[in-house]
């Protein structure tokens, strides 16, 4: 009884009913005051006064609504002022749920950050193309060092593709379904490729700083390209051909207050399948775990070097710069729960949109 479709939780499970025998009372010039006492930590963002609005049809159970009610908070007390009589309660929303203003600000941050990253990566790619002067390799380790700039350029290209496809995903969402699916597939492929090139950066860093002996890998860069460009692209193309509905229109919405409705803030062309979403998370998790292990090993080596020579400080700065190339900040995606949700979303959006 008095449970809506969202299974909304009520403060202390207290519901107060107030009626007059004379009939329905509404539109009062002086609102009635109802006080609910509690011993929990509440504020205006996660508790509000509501009343029960019965459903219009026999199959509609009804929902909680805040129309005609105002909420004020005192220490240990929630005070409701409502201009009608019915069943009243204080409805709770889980801590960390996003408000429309927060979602809007995150959208603006990601748009600005991805735009800046796109410009920066494009300019850096141009600089790398015009300033690269290949030198004849003299050893296996020299070959590895010569490939470092090329690997950086591939990662920059993947990030540029990722940022551009992300920026396109919003305007294209208002167009044709087929174009939206193509854009979503492009965004998915660019994300997988960018993560793969981050793993490639970690592997290359492992060969440069961790391996003691010289390692020669025939067609080294070609094999890295097949791994980082080929495998993700092949997987996305296969999904697009055999299960195209995996990609499409994805609405970003938030509950409208505490009612049984939602408002759509924006929409993008993205994954529409939960299994595909979870598979992408697992893929990212494995890559970030590998990158974290390699980075930890490199840090251990540099701590030993720091005790031997002063130049190790320069190596420390280099590794700190490589942390963004290894995509360590993408690991924040796995902390989107509970009280960490809102701070994590802002950190994730700011750091990763500016990665380029």
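Yeah, the Cβs are placed from backbone N, Cα and C, and that goes for glycine too.
Automated prediction, rather than curation, is the source of TrEMBL annotations.
Given the structure is predicted, the values throughout are model-derived calculations rather than measurements.
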Transmembrane segment per TrEMBL - which of 64-83, 84-103 = 84-103
Surrounding residues of the transmembrane segment (186-209) on its own chain - C-beta under 8 Å, 6+ positions past either end | 141, 144-145, 147-148, 151-152, 154-155, 158-159, 161-162, 165-166, 169, 215, 224, 227-229, 231-233, 235-237, 247, 269-271, 276, 280, 283-284, 287, 290-291, 294-295, 297-298, 301, 322, 325-327, 330
Taking every residue in the domain 'GAIN-B' (1-98), the average pLDDT works out to 79
